[in-house]
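Feature annotations, reproduced from TrEMBL:
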type: DOMAIN; residues: 30-118; note: domain 'Pirin N-terminal'
type: BINDING; residues: His55, His57, His99, Glu101; note: Fe cation binding site
type: DOMAIN; residues: 180-285; note: domain 'Pirin C-terminal'
Amino acid sequence: MKVLQRFSALAAMNHDGVNINRIADFDQLRFDPYLMIDEIKLDHQQDFIAGFAPHPHRGLETFTYIAEGSFEHRDQLGNVKAIHAGDVQWMSSGSGIEHSEMPLTNAKKGLHGFQIWLNMPAKDKMRPAIYQDASKQVNPSIDNEHGAALVALAGSWGFNLQPHKITSSIQGLAGHGAIADLTLAKYGHGTLNLAEHQTVCVYIYRGELHYIDALGLRETAGAGQLLILDPNDVSHFQTESTGAGLLLLVGTPINEKIVRKGPFVMNTQAEIEQAVDDYQQVRFDKIG
């Protein structure tokens with residue numbers, strides 16, 4: 001696989017005081033259609049008990065994947081859903097939605113998960129909000145004979161040369177986004193053909209990934225690093241004694257200018273000012 005760029009996650013803190021690792025922060029040139037990728041990995045309940053209190057969104061999508069622990073999602077559409085380890089949720093905010101995500105008491109062993117923001121095309125930013133979730137039990141998975149196992153969290157996925165793909169129940173992410181969890185056992189490896197996508201990113205959340213760089217030199221990327229891959233090159237993922245856990249994100253750039261203010265992502269300053277005014281004037285519905 002050909003690595004175009006490599007980044008390390010940076011420590012950050014959300015507005016409720018929860019420590020996170022931020023991997024992408026509204027860098028459209030590199031990650032479009034993805035705006036932000038946050039990893040939450042905390043061992044003690046007091047570190048994340050504040051959760052994510054009610055807050056609004058407009059013009060973006062959020063995708064949440066919980067690897068360990070539990071959260072409860074509430075929104076103005078009337079959705080109240082507990083999200084447990086292995087579960088995912090997708091929320092397309094469109095013209096506006098208010099939601100909260102609060103940890104459940106059974107998360108005493110810790111919390112590990114990801115929240116991903118995607119930009120929405122201008123034509124979709126004012127459509128009605130959409131919410132969908134999928135449990136671990138319905139997220140399809142596939143493995144190969146080389147110690148690689150892939151779970152489709154959104155979109156369709158498959159190993160190279162295998163006769164069929166697996167398709168998540170969550171479809172329609174902005175920018176044709178697709179997300180998967182790829183785990184590699186010790187000395188495991190797997191190959192994915194991702195040429196149909198223009199944006200291909202892999203975040204290493206556990207272990208190490210080994211690859212050969214453009215100069216033919218052996219490289220190792222470890223936990224907390226994000227690689228941007230050349231989609232025209234067959235992506236071969238390989239590890240050694242550490243094994244690896246990888247979050248894969250692919251999609252098609254939207255290529256539209258954005259203006260962002262807090263939880264709002266629009267295309268012009270006037271649209272941002274309108275979003276702020278609409279929320280302040282309680283034109284957004286509130287969580288019941």
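Note that the numbers count up from 1, one per residue, in the order the chain is shown.
Backbone N, Cα and C define each Cβ position, glycine as well.
Unlike curated records, TrEMBL annotations are generated automatically.
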Checklist entry - Hey, does DSSP put His99 (Fe cation binding site) in a helix, a strand, or just coil? => result strand
Checklist entry - What does DSSP say about His57 (Fe cation binding site): helix, strand or coil? => result strand
Checklist entry - How many other Cβ atoms are found within 10 Å of the Cβ atom of Glu101 (Fe cation binding site), counting all protein chains shown? => result 22
Checklist entry - Tell me, what is the mean pLDDT of the domain 'Pirin C-terminal' (180-285)? => result 93
Next on the checklist: Name them in sequence order: residues not among His55, His57, His99, Glu101 whose Cβ is within 8 Å of the mean position of the Cβ atoms defining the Fe cation site.
Outcome noted: Phe52, Pro54, Pro56, Thr62, Asp75, Met91, Ile97, Glu98, Ser100, Pro263
Checklist outcome for this item: So His57 (Fe cation binding site), by the Cβ count within 10 Å over all chains shown, scores 25
Checklist entry - Given the binding-site residues His55, His99, which one's Cβ is surrounded by the fewest other Cβ atoms within 10 Å? => result His55
